[in-house]
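Below you'll find the structure, written out as structure tokens, and then a few comments.
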Amino acid sequence: LLLEATLLQLVSGSHHPFYNGFYYNHIMNDMGNGQDKVDYFNGAKLVVETSKDPVYSYNGANVTLPCHYRYEPDLGDKRKIRIKWSKLRDDYTKEQDVMVAIGKTYVAFGDFKGRAHLHRAGKHEASLVISDVHLKDDGKYRCEVIDGLEDESDVVDLRLQGIVFPYQPPRGQYKLNFHEAEQVCQDQGAILANFNQLFQAWSEGLDWCNAGWLADGTVQYPIRLPRKPCGGVHLAPGIRSYGPRHRHLHRFDAFCFSSALRGEVFYLDHLDGMSLEEAKQSCQDAGAEIARVGHLYSAWKFLGLDRCNAGWLADGSVRYPIVKPRPNCGPAEPGVRSFGFPSKGRFGVFCYKER
């Protein structure tokens, strides 16, 4: 009865915050206008701000993700705060730790070791520098500033300039589960594309009627020209989605993403052409390796590679890149043409040499 009476008193009549070992100085005060006044631990509001626009970079570059914090009103004295950067995952699972810093001491984690540090050119700056940007660095990053029990954060979007290309393996259409799709993209010098990358590719003209895996485990495909086999003629252009699929049981193609190259792609040929094994050896003799599909797409997109000669690639496919369409070089649109995966035949070869 005494406990019940005490709880009723707290609910009905008390204007004092409940005490559970320390005071939350986060008090809601009814002003009568539907707004609340917020008090803070040290009498100042902590504000964290990052770039509202995406930050663009490319594979192999160095990039700075801006983040600044301040107090309102300004406290003046420099305070010892903790700064934490983390990367948000495409599938909304647990965030990936990037680095933590207190004062001049910092620790970077996982794949960011040796590549991530803070840039502190000015007062209250907490910007993150990532060197030697990798394809999988693309995504959203959280800048979190912790001052005692106060904790504020903001998010900045890092986007890599790149190209999305659909991929299916030699054994045919819809043969890849999610994990196999991840691997085939990696084998082609790329990664599974995310939705933002696919949407950007669609806005630039990508139209593909085969469904493919994305990095978040969903299956989607981009349609510019609605037609019966691709969702129907009555649907508007856009990204068609099957939603999340079972990552082991369901099988589709893949949408891969590749960025700018760290090297160059060049073409070699012999008078009588080459088998696939001869093509690989020719690239090695030239101090290079046989190019992957991602290399060829990136060279076409970013370096303007234009070659009306079919050549072997590392996966056993035969393709060629066209920037300026012309007679006897395929369709009237620019693109990377494919001859599929011929079991026989003699062709030239596209080689890749890293700088």
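Just so it is clear, glycine is given a Cβ too, placed from its N, Cα and C backbone atoms.
Listed features, source TrEMBL:
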DOMAIN    44-156  domain 'Ig-like'
DOMAIN    163-258  domain 'Link'
DISULFID  Cys209-Cys230  disulfide bond
DOMAIN    264-353  domain 'Link'
DISULFID  Cys308-Cys329  disulfide bond
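Structure with TrEMBL features highlighted.
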residue: Cys209; record: disulfide bond; Cβ neighbours (10 Å): 14
residue: Cys230; record: disulfide bond; Cβ neighbours (10 Å): 19
residue: Cys308; record: disulfide bond; Cβ neighbours (10 Å): 15
residue: Cys329; record: disulfide bond; Cβ neighbours (10 Å): 15
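Taken together, the residues of the domain 'Link' (264-353) have an average pLDDT of 97.
If you measure from the Cα atom of Cys209 (disulfide bond) to that of Cys329 (disulfide bond), you get 23 Å.
Cα separation, Cys308 (disulfide bond) to Cys230 (disulfide bond), rounded: 30 Å. When the alpha carbons of Cys230 (disulfide bond) and Cys329 (disulfide bond) are compared, the span between them is 27 angstrom.
For the domain 'Link' (264-353), DSSP puts the residue distribution at 20 helix, 26 strand, 44 coil.
Residues in the domain 'Link' (163-258) partition by DSSP class (helix H, G, I; strand E, B; coil) as 22 helix, 30 strand, 44 coil. Residues of the domain 'Ig-like' (44-156) grouped by DSSP class, helix first, strand second and coil last, total 6 helix, 60 strand, 47 coil.
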